Amino acid sequence: VGFKAGVKDYKLTYYTPNYETKDTDILAAFRVTPQPGVPPEEAGAAVAAESSTGTWTTVWTDGLTSLDRYKGRCYHIEPVPGDENQYIAYVAYPLDLFEEGSVTNMFTSIVGNVFGFKALRALRLEDLRIPAAYAKTFQGPPHGIQVERDKLNKYGRPLLGCTIKPKLGLSAKNYGRAVYECLRGGLDFTKDDENVNSQPFMRWRDRFLFCAEAIYKAQAETGEIKGHYLNATAGTCEEMMKRAVFARELGVPIVMHDYLTGGFTANTSLAEYCRDNGLLLHIHRAMHAVIDRQKNHGIHFRVLAKALRMSGGDHIHAGTVVGKLEGEREITLGFVDLLRDDYIEKDRGRGIYFSQDWVSLPGVLPVASGGIHVWHMPALTEIFGDDSVLQFGGGTLGHPWGNAPGAVANRVALEACVQARNEGRDLAREGNEIIREAGQWSNELSAACAIWKEIKFEFPAMDTL
C-alpha cells in the first residue's frame, strides 16, 4: 500500500470501542470537555493519539512501525451525569510505551502535550490503573507502614506530628528548642515546613544539628523513639542528596521531600537512597492544589498519590476532611486506601475508576494536617484509623501554656480516643464527650479544649464527584 499523505480524523485510528483491555495495559480515565462542535469520540481519540503515537497529520514513518502494537486506544466514552458537554474517556496504553521504573516518563506521555490541545476546552486525568507488570518495576516506598512501625516500636494507634511554626524566621537554635519541647511532651514527630530549606536566617546544616540534639534529648527523657522530618529538598539533586547523607550521619530516623516542586526524578533518587540507608521518607505535596483543585482540568490527587507510591515515600499529606484544607470524605478515603492497601476494588462512589492491585508494593501512611486541633481528634481517629499520622501545627504550638503542654494535650486526646474506640464506643457520636472526660484528668487538655472549642473552617468542598 502506498503512503497516503493528509490529515484524517483521530477517531478513525484511535477510537476502538470493541477493544478488550489487556492485563498489561495502563488504563486512564480522563474527564474531557470538548470544544463546541467537536464530537466526544473525536475528542477521546485525540487524547489517546496525542498521549501515545499520534500527531496531527499522517507521516510516512508510520509505515516503519506497528501502530496497532503501540497506539493508545480510546475504548469507552460515557457522559458525566449532570454536566453538560463533559465525558469520561477511557484510554488504554500498551505497556511498551513506558520506561520501566520511571514515573517521570509515564507522566510525560500521559499528561504531556495533550493538556494544551486545541480541540479540548479542558481535560482532567481522574484515575490511572497501573498494571501489576508495571508496578513491579518500581521500588516504591523506602520502607512502608509495617517496617516503620517496627523501627519506631509504636503500634495500635495513629502517630502524632507537629509542624514547627512560625515556619520561617526562627534561628536554628530556637527551632531546635521548639522541636525538643514538642517531642518531650509526647509527640512522635516534628516537621520542617515545606518551604524550610536553607535560607539566610537558618542554614540547613545548623538546623539539622540542633534538631538531632533535640531528638536525642527527648528520646533519653521519654524512652520513646522520636523523629523530626528534616527537609532535604534543595535546588539541585546533588545538594538534596548531600543533605540526606548528612541526616544519615547524624543517625536520625527520617528525612523529608517536597515531591511535586522537587520533581519525580529527584524524589525517586532520594527514595532509593533512603531504602539503602535505613531512612524513612516523609513527603509533602506542596503545589498539588495548582494541579488538582480545578474540577474539570488538571490531575486528580488520587493519581498524584498513586504516582508517589510508585516513586517512593513513607508518609504523604492527604487532606484532613475536617480541617482548613480541601478534601471530601469519601473521595479522601478513596485515595487513602490507594496509599495504604494492597488491593483496592473499583468504586465510583469514592472516585475510584479502576480496581488496583499493588502486588505487595509497600504502603504509604497518609498524613492529616492543616487546621486541626484536639476537638477534631475523635473524627480523625475514626476517619483515618491507626495507620496514619495526625499533624497538629498550630494545634500544638498555639496552646496557651506552650509547646510541651500542647503536645501533652494532643497525646492525651489521642490515647483517650483510641481507648474509647477499643472499648466499642462510637467516636462520631460521643467524640466531644470523650474529649471532655479525658480533660478532667489532664489540665493541659482542658486548657486546649477551652481555647479552641469554637473554631470551625466550614466551606463546601470543591472536590465533589
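Placement of Cβ uses the backbone N, Cα and C atoms for every residue, glycine included.
Features of the protein shown, as given by Swiss-Prot:
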{"type": "MOD_RES", "residues": "LYS4", "note": "N6,N6,N6-trimethyllysine"}
{"type": "BINDING", "residues": "ASN113, THR163, LYS167, ARG285, HIS317, SER369", "note": "substrate binding site"}
{"type": "ACT_SITE", "residues": "LYS165", "note": "active site, proton acceptor"}
{"type": "BINDING", "residues": "LYS191, ASP193, GLU194", "note": "Mg(2+) binding site"}
{"type": "MOD_RES", "residues": "LYS191", "note": "N6-carboxylysine"}
{"type": "ACT_SITE", "residues": "HIS284", "note": "active site, proton acceptor"}
{"type": "SITE", "residues": "LYS324", "note": "site 'Transition state stabilizer'"}
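Distribution of Swiss-Prot features across the structure.
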| residue | record | Cβ neighbours (10 Å) |
| --- | --- | --- |
| ASN113 | substrate binding site | 11 |
| THR163 | substrate binding site | 24 |
| LYS167 | substrate binding site | 14 |
| LYS191 | Mg(2+) binding site | 29 |
| ASP193 | Mg(2+) binding site | 18 |
| GLU194 | Mg(2+) binding site | 21 |
| HIS284 | active site, proton acceptor | 28 |
| ARG285 | substrate binding site | 23 |
| HIS317 | substrate binding site | 22 |
| SER369 | substrate binding site | 25 |
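Fewest other C-beta atoms within 10 angstroms, among the recorded positions LYS4, LYS165, are seen around LYS4.
When the recorded positions ASN113, HIS284, SER369 are screened for a Cα within 10 A of the Cα of ASP193 (Mg(2+) binding site), the ones that qualify are HIS284. Considering only the binding-site residues ASN113, LYS191, HIS317, SER369, the residue whose Cα is spatially closest to the Cα of LYS165 (active site, proton acceptor) is LYS191.
Among the recorded positions LYS191, GLU194, HIS284, the ones whose Cα sits within 10 Å of the Cα of HIS317 (substrate binding site) are HIS284.
A 10 Å radius around the C-alpha of ARG285 (substrate binding site) takes in these recorded positions out of LYS4, LYS191, GLU194, in sequence order: GLU194. DSSP assigns ASN113 (substrate binding site) to a helical segment in the three-state reduction.
Taking the centroid of the Cβ atoms of LYS191, ASP193, GLU194 as the Mg(2+) site, the other same-chain residues with Cβ within 8 Å of it are THR163, ILE164, LYS167, ASP192, ASN195, VAL196, TYR229, ASN231, MET256, HIS284. Of all residue pairs in the substrate-binding list (ASN113, THR163, LYS167, ARG285, HIS317, SER369), the one with the greatest Cα separation is 37 Å apart. Nearest in space to GLU194 (Mg(2+) binding site), taking C-alpha to C-alpha distance over the recorded positions ASN113, THR163, HIS284, SER369, is HIS284.
THR163 (substrate binding site) has LYS191 nearby among the recorded positions LYS4, LYS191, HIS284, counting only those with a Cα within 10 angstroms of its own Cα. The distance from the Cα of LYS167 (substrate binding site) to the Cα of HIS284 (active site, proton acceptor) comes to 14 Å. In this structure the C-alpha atoms belonging to HIS284 (active site, proton acceptor) and SER369 (substrate binding site) are separated by 10 Å.
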